[in-house]
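TrEMBL has this to say about the protein:
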DOMAIN    2-117  domain 'PLAT'
BINDING   G17, D78  Ca(2+) 1 binding site
BINDING   D39, N40  Ca(2+) 2 binding site
SITE      W102  site 'Essential for stabilizing binding to COTL1'
DOMAIN    117-613  domain 'Lipoxygenase'
BINDING   H366, H371, H490, I613  Fe cation binding site
Amino acid sequence: MEVYTVTVATGTSEYSGTNNYVFVTLVGEGGESERTLLDNPGLDLCRGAVDQYKVTSRSPLGSLLLVRLEKQRYWVEDNWFCRYVTVELPGEDKVTFPCYRWLVGDVKVEIRAGMAKTLRDESLSQLLVHRKTELLERQNTYRWAKWAPGIPRCIDAKTEADLPQDARFENEKRSDFEHSLQYALLELSLKKLSISFGKSWNDLDDFKRIFWKLRSPISEYCMEHWKEDWFFGYQCLNGCNPRMIQMCRRLPENFPVTSDMVQSSMAPGTNLDKELKAGKIYLLDYAIMDGIPANIIKGKPQYIAAPLCLLYQHPDKGLIPVAIQLAQNPDLTSPIFLPRDPPLAWLLAKMWVRHAEFQVFQLLSHLLRTHLVIEVFCVATLRQLPAVHPIYKLMAPHLRYTLEINCRGRTQLISPDGIFKKVTFLITVTGFVTGVVDLFYQSDHDVQEDLELQAWFTDISQEGFADKISSREELSTLLAVAIFTSTVQHAATNNGQFDWCAWIPNTPCSMRQPPPTDKDAVTMDMIMATLPDVSQSCMQMAITWHLGRPQPDAIPLGQNMEEHFTESRALELISEFRKELKGIQDNILSQNEGLELQYLFLLPSRIENSITI
């Protein structure tokens, strides 16, 4: 009689434990153990519990292949989250079987040992069948759907309630998400009651009346300095959309700025032509906004612009705007605004640029280039890579909560009746990823021959955007880009949105009057009639706070809570990556020390390990 010591770890989140029957069977090359009920005296399989049991077998099992877990209802259904199972035979090493999944209903689940294996590493027919069965079940659960033309496809789920339990928020996350939104909307409602609901403002200082508890040091700094040209330029590099600005060596033909126009903004002894050649002139071009139909809010049309903005890296003043055109085609109704123009005209022109910035940042840089891009990787990974595959183990921590937050976004934010419709119109992970890829793929040929990996590529290619990949270097690059996008890039666009958008005149979500066509006709009344009204402004503050605030259950970059890898070399690579992140953290803190306005959005400790909000 062989006696095995089996340790079962239950999840740590609320309602992870169960009072249902749970059975375990060990499956080895030599046969199966007794089907054993996990039932110690007293309470077991409780939230956070690590319980130990004895499992017997009439004969030696040989090498362990699988652990079979079965859950059966007892009185009422009680789902169970299993973190992992370990199995130990006296005198032998402990074997860990990662699980990290919910057992829902009367269900049978078979889990593999933690050692990562590609398809070519598999020789036993029983394990080959297990891989195939797992993927068939996942492909039936996680299906592709088309949400809107022209964008990558997404998970087939009309709402987050249609997602399987493994893709859902944990209870604490769900409660906090919904509570924080209700809290923000409650404060919004109170503000609207205290100020005339739905009406405009009298002057710019009136926006201070909605700065209640929802505020931050940067948003208050923004409120004080938003009119200053250097601060406008600062946000082009350090705001929510630092990828928009580009060096300008030659002026666009549709932006006829002359040297005389901007000479007063140049440093002594230089001119526009010299600074163009020196690489000190930069351009913001919102051509992508041109021709987009404007929204209608409460029966009133809103307005958009597709501006061009020229900036100059001044040796004393920093990066400053020197010319703005609010349309792509220059004509008499689209003058070029300059810093020497009437102050209100120049101020309103900058507001229009920031308004375009809000649209591009939220819908392209944030939604499309992080959330929707990563959803493609998420669905493809779940459909095509079994849990034992090294690339699944690498990607899984960076896909946490992404499907649910995207489903909520499609139904609550960007749906036809969503919130946006009502208010709007450096670090690398490359070395770590390469190390993991090289650990499991000894040559480019191995990449090409991994049929599961190639199916993953195909899903991404057909449903998303990637080309065929045939080398370890290309695989490492694709994975590094995916992980970078789901962590660093998302943090850069998401984490500061309340700081930069809470002061409404700095980044207005909507404009209620058309762009000005006459510099001399701009008045404060025109500006106030153009900016969002009380209702829109309160909604902008509430939503950017809700989405941009630190998450209480956030897992920082690299600090994976789920241990999918068990190989010593893989664990060493993770440890080395964490040390690299610690060095980057210390360097960022050192660089920001003493600065009046610090940029800390990309501290590794503030970058979430996946897109969860």
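Numbering starts at 1 and runs along the chain as displayed.
Backbone N, Cα and C atoms are what each Cβ position is placed from, and that goes for glycine too.
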Task: Under 8 Å Cβ to Cβ from D39 (Ca(2+) 2 binding site), same chain, six or more residues apart: give me those in sequence order, or none if nothing qualifies.
output: Y21
- line: Among the binding-site residues H366, H490, the one whose Cβ has the most other Cβ atoms within 10 Å is H490
- prompt: Taking just the CA atoms, what is the gap between H366 (Fe cation binding site) and D78 (Ca(2+) 1 binding site) in Å?
  reply: 38
Query: Can you give the mean pLDDT for the domain 'Lipoxygenase' (117-613), rounded to a whole number?
result: 90
Message: Distance check, please: Cα of W102 (site 'Essential for stabilizing binding to COTL1') against Cα of G17 (Ca(2+) 1 binding site), rounded to an integer number of angstrom.
response: 10
Field: All-chain count of other Cβ atoms within 10 Å of D78 (Ca(2+) 1 binding site)
entry: 16
Query: Which whole-number value in Å describes the distance between the Cα atoms of I613 (Fe cation binding site) and N40 (Ca(2+) 2 binding site)?
result: 40
- prompt: Can you name the residues of this chain that are 6 or more positions from G17 (Ca(2+) 1 binding site) yet have a C-beta less than 8 Å from its C-beta?
  reply: T10, G11, L45, C46, R47, G48, A49, W80
Query: DSSP helix, strand and coil counts for the domain 'PLAT' (2-117)?
result: 0 helix, 64 strand, 52 coil
Message: Using the alpha carbons only, what distance in Å do you get between D78 (Ca(2+) 1 binding site) and H490 (Fe cation binding site) once rounded?
response: 35
Statement: Close in space but at least six residues away in sequence, with Cβ under 8 Å from that of H371 (Fe cation binding site), the same-chain residues are T402, I405, N406, G409, H490, I611
Task: Show, in sequence order, which residues other than H366, H371, H490, I613 on the same chain lie with their Cβ within 8 Å of the centre of the Cβ atoms of the Fe cation site.
output: L367, T370, I405, T493, N494, L547, I611
